[in-house]
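J.: Mind looking over this structure? Questions follow.
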Amino acid sequence: MPGTAEVQVRPGVEEDLKPLTDLYNHYVRETPITFDTEPFTPEERRPWLLSHPEDGPYRLRVATDAESQEILGYATSSPYRAKPAYATSVETTVYVAPGAGGRGIGSLLYASLFDALAAEDLHRAYAGIAQPNEASARLHARFGFRHVGTYREVGRKFGRYWDVAWYERPL
């Protein structure tokens, strides 16, 4: 697995659909990090991909191995809520491929994402982190997020309830 010097971060494109779906499905099947409980097909994920264009407030940034072009992770900004008054708020997520953790991929992705969002008319970014997840909490703290509350036992997956800690960051 490459170090961060051999990683490129770029906007997500249509050709990324299958590997991004495979990466996400790992988290669906194996972890409580996402509260989706059934894996997706690439076609089911296509609307998600298309909802993150190259510009605007809702972005998809993809980290790839510079040589092999293997996807190492991705970060998104998505609508926080559907109602119009929330339009200047986004929810951010970051997913790192199994085996690529601990190499700074998440930091590269978030740096790229927040650089891309700097020119947008946005006020706040929010991130929900299923607990426990110390690595994600540290990543978010490094990028200026602060813990604002925890929803207790808000989701049920794998036969148990999970808390979600919420973090916010000014943009």
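Glycine is treated like the rest: Cβ placed from N, Cα and C.
Heads up, here are the entries from Swiss-Prot:
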DOMAIN    7-171  domain 'N-acetyltransferase'
BINDING   V94, Y95, V96, G102, R103, G104, I105, G106, S107, N133  acetyl-CoA binding site
J.: Grab the pLDDT values for the domain 'N-acetyltransferase' (7-171) and give me their mean, rounded.
T.: 97
J.: Among all protein chains shown, how many Cβ atoms are found within 10 Å of the Cβ of R103 (acetyl-CoA binding site), not counting that one?
T.: 19
J.: Can you tell me whether DSSP puts R103 (acetyl-CoA binding site) in helix, strand or coil?
T.: coil
J.: Among V94, Y95, V96, G102, R103, G104, I105, G106, S107, N133, recorded acetyl-CoA binders, what is the largest CA to CA distance in Å?
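T.: Greatest Cα-Cα span of the listed binding residues: 17 Å.
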